[in-house]
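Feature list (source: TrEMBL):
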| type | residues | note |
| --- | --- | --- |
| TRANSMEM | 31-55 | transmembrane segment |
| TRANSMEM | 83-104 | transmembrane segment |
| TRANSMEM | 110-133 | transmembrane segment |
| TRANSMEM | 145-168 | transmembrane segment |
| TRANSMEM | 188-206 | transmembrane segment |
| TRANSMEM | 227-253 | transmembrane segment |
| TRANSMEM | 273-301 | transmembrane segment |
| TRANSMEM | 322-340 | transmembrane segment |
| TRANSMEM | 346-370 | transmembrane segment |
| TRANSMEM | 382-405 | transmembrane segment |
| TRANSMEM | 425-450 | transmembrane segment |
Amino acid sequence: MKQAISKKLNELESTAICGNDISSSVLYVSALAIAFAGQYAWITLLIVSVVLFLFRKIYGEVVGAMPLNGGAYNALLNTTSKLMASFAATLTILSYMATAVISANEAIHYLHHLIPSMPIIIATVGLLMLFASLTIGGITESAKVAVGIFLFHLLSLIVLALFIVFYLFQNGIGTLFSNWGHQSENSIWYAIFFGFAASMLGVSGFESSANFVEEQQKGVFPKTLKNMWVIVSIINPLMAIFALSLFAIPVLQSADYQNTLLVQMGEFVGGDWVAAIIAIDAFLVLSGAVLTSFVGVTGLLERMTLDRIMPQFFLKKNKRGSSYRIIILFFILAVSVLLITNGNVALLAGVYTISFLSVMALFAIGNILLKIRRNQLPRPEKATWASVLLAIIAVLCALTGNILMEPKDGLPSNTSVFLNYFIPTIIFIIIMLNRTVLLKLVLQIIYAIFNPLRRLVSSMDRKITKTINKINDQEFVFFTKGDNIATLNKVMLYIIKNEHTKKIKIVLALDEGDTIPENLPNEITFLDKEYPKIKVNFQVVQGKFSPELIRELSEKWNIPINFMFIGAPSDKFPYKVEELGGVRLIV
């Protein structure tokens, strides 16, 4: 049965999906910044805006050069090893997991203010199930819901801003001037440093667009980055200034105002009905952040499964083209974490903080590796070296600040909570990357223990050996342009280090009138002898190298395009990387 082809997302839909996550930060980041930076909170939020501006170019360059799902994972996979890329993927998955659970739980807490009888944990599970179902229904259907939430959120903030402006016009801004003279226990630089570190959490969601770029229409991705940057640059500093204009800093730093600042502001300037609108908006936009997590993690895990890091079981799609098994797995993971923490999701703050900031740093590192190792790869825009290095320094400062922050009473440190989740996850990924080695180890143990009962063992022997052979029987293809032996040797070393296979086909596409380079057959014969564990086949095909030829050979040889490699193309290469259907760059 044919699977339905998903409709590509336009600018508004794409912006809404990731924008709900990043714009929901206004509900907590202004209060968080004021808690650490006091009257300088709006300055720290503007610094965050500058850092995010740097990341616009960084993300634009990497994803523009390689517009494939996976975000930081994809960037590192095409510039370094699978292990390094998997490290970034692990952090991204943890970030999405924490975002989904925290956002769903906080959304229900806001709704609980309006419906006090609602059971928190059961309702949170229900909300997670709702958005899992929406994502299974297809990204286009999910996008419609995201757009509705996004537009209502912006409208609610406009209404709140108008009421605050009207209030300040009538009552003046004396409170703002009074707060400006507030004496803090710490220095200005201390306040700005930790305020900036806390404020950087307000840009979570910026990385999400890169994880579903293949579902977006052409040219939409850089627009989503610009739109998110504009939203964060205006809303967050403005709300911090408004808060400092309405309430004294000690009040803003109290627990009630830290948890529901915008609701308190709405009630103060417009009464209960404005507060109710903000509470409903908070419920909806935090729910939208849950949707962002489901969409982002689906795109990422699909890419990892195609690269054989995750079991192929997860590639199964429904009629709407959704990888429903991935979505169900993520839902089960989120619910289990919610139940393990017994609804005390503040424990996940460390996971969310360190994971998100680490992913941002790794993406910038991926940009540097792209410049060094894939310099000839065409890209629509470039980030300067200075901006990339400055962005990395800024994110590392924020990461350091969050690690150094004193945990709240009764809560463990950010680092300890993060490691509790990170270590089991990365162990699983490492096992998947080295599964053939581990299977061989299992074989050796079986031989040692059950050798006297060899007849009994032989059946298991055959099955495991068959599994290993099935993994290693996957043939890979490298399209050569007539490369010299040094380049071809790099290809062999990459295959040995990163892939489980005993077969590689080196293919030369000859257009009419072209001839085989004189030394190429001898060089390939030499490599075949030099690497006896891998069978190297040289094959010449007639025709011009093109996406059509790649698809034709993929069908003819029954080799997925994802297992076909090329060297980094030059600026004169007539096709874009995304037109090649998923061919990977390894040289």
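From the backbone N, Cα and C atoms, a Cβ is placed for every residue, glycine too.
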Tertiary contacts of the transmembrane segment (227-253), as residues 6+ beyond its ends and Cβ separation under 8 Å: 11, 15, 18-19, 22-23, 25-26, 29-31, 33-35, 38-39, 41-42, 45-46, 48-49, 52-53, 56, 157, 161, 164, 167-168, 173, 175-176, 178-180, 182, 199, 202-203, 205-206, 209, 261-262, 264-265, 268-269
Restricting to CB pairs under 8 Å, which listed stretch, 31-55, 110-133, 145-168, 188-206, is in contact most with the transmembrane segment (382-405)? 188-206
Okay, the transmembrane segment (346-370) and the transmembrane segment (273-301): do they have at least three CB pairs under 8 Å, pairs separated by 6 or more? no
What same-chain residues lie close to the transmembrane segment (188-206): Cβ under 8 Å, and 6 or more beyond its ends? 18-26, 28-29, 32-33, 35-38, 40-41, 43-45, 47-48, 51-52, 55, 59, 95, 99, 225, 228-229, 232, 236, 289, 292, 352-353, 356-357, 360, 395, 397-402, 405
Using a Cβ cut-off under 8 Å, which residues of the same chain at least 6 positions beyond either end of the transmembrane segment (322-340) come close to it? 96-97, 100-101, 104-105, 121, 124-125, 128-129, 132, 135-139, 293-294, 297-298, 301-302, 305, 313-316, 348
